[in-house]
Amino acid sequence: MKTHHSQNYPLLSALLFFFFVCWSSSGSLLSIWLHQEVGLKPGDTGIIYAVLSVSALFAQVCYGFIQDKLGLRKNLLWYITVLLILSGPAYLLFGYLLKINVLLGSIFGGIYIGLTFNGGIGVLESYTERVARQSQFEFGKARMWGSLGWAVATFFAGLLFNINPKLNFAVASLSGLVFFVLLARLRVFSASQAMEEAVAGGKVTLEDALRLLTLPRFWALVFFVIGTCIYGVYDQQFPVYFSSQFPTLQEGNAMYGYLNSFQVFLEAAGMFCAPWFVNRIGAKNGLIFAGMVMAARMVASGVVEGPLLISITKLLHAVELPILLVAIFKYNSLHFDRRLSSTLYLVGFACTSSVIATVLSPLAGYSYEKYGFAQSYLIMGLLVFSTTFISIFLLRSARSSSDPLVSQPSAI
């Protein structure tokens, strides 16, 4: 068992690495591809992201409960693996359908991307966090490799895009094949988890998951996430805004690839340091800190001008995201039943993000066209600041011994 435990960290790190290579290769320049290659307007792109968010929403609700039922079994990861391998052909079909009918293409592309990437990453991250607790390694240090995977793929994505966008889709499918090989090698013993679940109250039931909805502390977490998830809407069409700062679109595409790659390399370093930082200041303070940095980044994007200053504001993402991800898992582990870790992460964090993105994506697309990117970013930043400030009074600092977990029927 020790041998398998010693292999869990490198294998899960590699799985995260190639998942993000696949995602970045196909999706990091998605808005640029839709704008320059397919010829969509920002409003049409907003519709695609709205459909994507709806499909991710349903996937995250189902994925979270299913993965908690499966525990450490890999059934759901195998299903996601098939979708990753098909990413190249799926994107080509996506582009073809968009040229025939925007609505039809939006539905297909939104559903595929939502089920595969926006929903799938939550499954892989929550699975990694569950194994990390069993095998006694920090989740953030494994998740760091996911950031590195995104950075490596993004570094080449802009160059490949200028040669032929289809090359990025080929890289995505090849990464899915590598993911398949790595997942086949992963062996995780669930004995210790079964013992933990027996002590905590047995197997996960639908009643356990639904009881989360009766907890005020769950809704406090959801309120915080409502604000911070705006960063996803902010990032959706940022490549279009950034590339427009340069004399030619080709130069802008390449420079965005370099910027995004550098940002994610910094993000990987942040993932390595984030566990220490969050352990030092506490999970709640980590969430608040990440929210404030996020608000500052968005407001600054709406105020500064020129590619250099805009690039600096984008790099703040490398500070906020590692702290946010590590803090959200630690906060959930501290205040909720650990058996529901996947449900909490995918519903409380990822699913809430999808709901907000569904509402805001088309509104953001309309705002970009009517008011411009800068003013829209300023509004987003003020919204994030407001929800984060209110969350200072809603989120809990620590769980006392008298504070029951969700697995107990009397929990309120």
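Placed from the backbone N, Cα and C atoms, the Cβ positions cover glycine too.
Remember, it's a predicted structure, so these values are computed and weren't measured experimentally.
The domain 'Major facilitator superfamily (MFS) profile' feature in TrEMBL is assigned to 1-399. The transmembrane segment annotation in TrEMBL covers 12-34, 46-66, 78-97, 103-124, 145-163, 169-186, 218-234, 254-278, 285-304, 310-331, 343-364, 376-395.
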- Query: Among the recorded stretches 169-186, 254-278, 343-364, which has the greatest number of Cβ pairs closer than 8 Å to the transmembrane segment (12-34)?
  - Reply: 169-186
- Query: Any residues 6+ beyond the ends of the transmembrane segment (343-364) with a Cβ under 8 Å from its own?
  - Reply: 43, 46-47, 49-50, 52-54, 56-57, 60-61, 63-65, 67-68, 114, 118-119, 121-123, 125-126, 129, 204, 209, 212, 218, 221-222, 225-226, 229-230, 232-233, 236-237, 328-329, 332, 336, 376, 380
- Note on the structure: Tertiary contacts of the transmembrane segment (103-124), defined by C-beta under 8 angstroms and 6+ residue spacing from its ends, are 15-16, 19, 23, 26-27, 30, 44, 47-57, 59-60, 63-64, 67, 76-77, 80, 83-84, 87, 90-91, 93-97, 342, 345-346, 349-350, 354
- the domain 'Major facilitator superfamily (MFS) profile' (1-399) [mean pLDDT, rounded to integer]: 83
